[in-house]
Amino acid sequence: MAMNDSVNILNSAYLAVEYIDSFLPDNPLQQPFKNAWNYMLDNYTKFQIATWGSLIVHEVSYFLLCVPGFMFQFIPYMQKYKIQQDKPETWEKQWKCFKTLLFNHFFIQLPLICGTYYFTEYFNIPYEWEEMPRWYVLVAQCFGCAVIEDAWHYFLHRLLHHKRIYKYIHKVHHEFVSPFGMQAEYAHPLETLILGAGFFIGIVVFCNHVVLLWAWVICRLMETIDVHSGYDVPLNPLHLVPFYAGARFHDFHHMNFIGNYASTFTWWDRLFGTDSQFIAYQEKEKKKQCKTKK
């Protein structure tokens with residue numbers, strides 16, 4: 001009975017969104033995107049699209065999303081939004097991070113990406129334009145992937161902080177006490193595999209078109225680069241996402257090496273009380289600000 005009620009609610013929500021979508025103006029980018037997508041299908045094999053297309057989406061998205069945070073260090077006005085203002089970025093750290101990223105991307109992640117084609121073939125995941133899900137379905141699927149990945153990340157990330165294994169794996173990621181965007185995927189190869197596995201679980205559950213793979217890659221990179229940016233910028237559209245953790249939440253984790261273990265949302269840390277030190281820290285900061293104003 002409860003299952004039927006849940007299905008009815010979801011169907012009603014889907015119909016409501018579909019009804020609203022019928023009143024929205026046509027997207028001017030849809031036709032160019034359709035033409036580009038069909039051109040890709042006509043000129044490249046599925047293996048090339050799944051492998052090299054996924055690599056290009058990942059690399060271009062990653063480094064483009066890092067650009068704003070990278071530029072902030074050269075803009076004096078933006079320094080008031082930097083969370084750890086006493087720990088500025090250095091060229092030495094950024095260069096070291098960049099070299100490690102290239103190794104992880106091409107020697108750890110690329111071999112995994114090479115399996116994308118076989119994954120799509122095994123699960124009969126379509127590539128055709130006609131099979132592409134509507135934008136609101138894609139948004140819902142990406143949100144579902146984020147919820148699943150966040151749960152995986154919380155428990156495995158917390159495990160990696162166990163005193164018996166921390167220094168062997170996760171300590172690499174914590175080399176930078178004050179994080180910056182490009183550092184989001186700076187990690188030990190084993191950590192890349194362990195925490196990265198959470199990314200694929202949602203894909204297995206929700207994927208009904210290859211475009212979800214790329215949409216979820218972009219969404220996940222957008223989130224992880226934002227929380228590692230080191231800047232709490234106002235009017236950040238990601239703060240509109242319910243229960244979104246944000247840069248200040250994750251920056252505290254890098255500053256103190258404890259608590260705030262989730263990747264995207266705050267509910268797991270709230271449920272298990274692993275955000276208690278962060279809450280206490282926020283209260284102290286508020287009191288300091290009140291005294292300063294007086």
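Think of each number as a place in line: the chain as shown, counted from 1.
Every residue, even glycine, has its Cβ placed from backbone N, Cα and C.
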**Request:** Name the residue range among 37-57, 100-120 that TrEMBL annotates as transmembrane segment.
**Result:** 100-120
**Request:** Restricting to the domain 'Fatty acid hydroxylase' (144-274), report the mean pLDDT as a whole number.
**Result:** 96
**Message:** Which residues of the chain, 6 or more past the ends of the transmembrane segment (60-79), have a CB below 8 A from one of its CBs?
**Reply:** 85, 88-89, 94, 105, 180-182, 185, 217-218, 221-222, 225, 229-231, 233
**Request:** Mind tallying the domain 'Fatty acid hydroxylase' (144-274) by DSSP state, helix then strand then coil?
**Result:** 87 helix, 3 strand, 41 coil
